[in-house]
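Undergrad: Could you have a look at this structure, given as structure tokens, before my questions?
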Amino acid sequence: MKFIDEVTLFASSGHGGAGCVAFRREKFIEFGGPNGGDGGKGGDVVFVAKAGLSSLLELRHRPHQKAEKGHNGQGKNRHGASGADLVIKVPVGTVISDAESGEQLADLAENGQRVVLLKGGRGGQGNARFASATHKTPRFAQPGEEGQEAKLRLELKLMADVGLLGLPNAGKSSLITKISAARPKIADYPFTTIKPSLGVVPYKNARSFVMADIPGIIEGAHEGAGLGHRFLKHLERSGILLHLVDISWMPERDPLAEYEAVTRELTMFSPELAAKEQVVVITKLDLPQTREKLAEIRSWFEERGIRVFPISSATGEGVGELLDEIARRLWGRIEEEW
């Protein structure tokens, strides 16, 4: 399925049904009193977060959504039925905003969470409601109240405990493939990952956490360069970030400058995102050139108070220690096998 994480929706709640003008007409009763019923309430527009949904694709194909109108009242004091609510199911993690003002209206972060965003119009009162001692035969009724309309912006932010961050081809997809059942495309060229993917990572004692892989970040990403800028928002809910650094290209490229460039892009995109806990991971430890440069790189980070975790997704070396560090940061302790 194509991954769609943003969509604009034009939604309308239902108009209320009209009240009825009617009078009793029975044998031997020539001039019966008013008995027009009330109109029914219009349907609401309701959003529900549903586990199992992973994209807003279906809503992109149906941008105009309208709840049912309330039914009109009838004679003999019969009230109109309420219009059916329009229930729109969205992935967990969907944020709904007013497309015009940008105001956030709802953040559906839990499975089953529901919110009524647009209320249906009230039904109009029938003429039976307006009879009085001085006005016994009212020949008017209320129209139904109009429903509400809104232009909404829906934005999906993936729900993950751990987010992967780094340049294109830094080894993010290889890592998530190694430790989870996720199968993103992997190749030896930039931007093989063109959409976010989630993987459930099993840990010790049947515990697990969710990891998100997004396209690599390049310089200028906060201004729209590359692919990663579109997907940085998917890291905003992550508890911690793994910043993957590939040092195998030294000296052709400077991995330390690249690390600082990615950190800069993160800060310019969102200072709050940049302030999240980060774990620095040196990838491709199975390559000889990585091992040759590791001590130099480790020293640079340690001088800045940053511990690094060298790993190889190909052989699994260092991966267990990295998972223990993730567990310690997520849950405050490392699990022991039993």
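Cβ atoms here come from the backbone N, Cα and C positions, even for glycine.
In case it's useful when we look at the structure, here is the feature table from Swiss-Prot:
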type	residues	note
DOMAIN	1-159	domain 'Obg'
DOMAIN	160-331	domain 'OBG-type G'
BINDING	166-173, 191-195, 213-216, 283-286, 312-314	GTP binding site
BINDING	S173, T193	Mg(2+) binding site
Undergrad: Listed binding-site residues are G166, K195, P215, K284, S312; which of them have CA atoms within 10 A of the CA of S173 (Mg(2+) binding site)?
TA: P215
Undergrad: Counting every protein chain present, what is the number of Cβ atoms, excluding its own, within 10 Å of the Cβ of K172 (GTP binding site)?
TA: 31
Undergrad: Using a 10 Å cut-off, grab the number of neighbouring Cβ atoms around the Cβ of S312 (GTP binding site), all chains included.
TA: 21
Undergrad: Going by a 10 angstroms cut-off between Cβ atoms, which of the binding-site residues K195, K284 has the sparsest surroundings?
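TA: Fewest other Cβ atoms within 10 Å, among the binding-site residues K195, K284, is found for K195.
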Undergrad: The domain 'Obg' (1-159): mean pLDDT?
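TA: Averaged over the domain 'Obg' (1-159), per-residue pLDDT gives 94.
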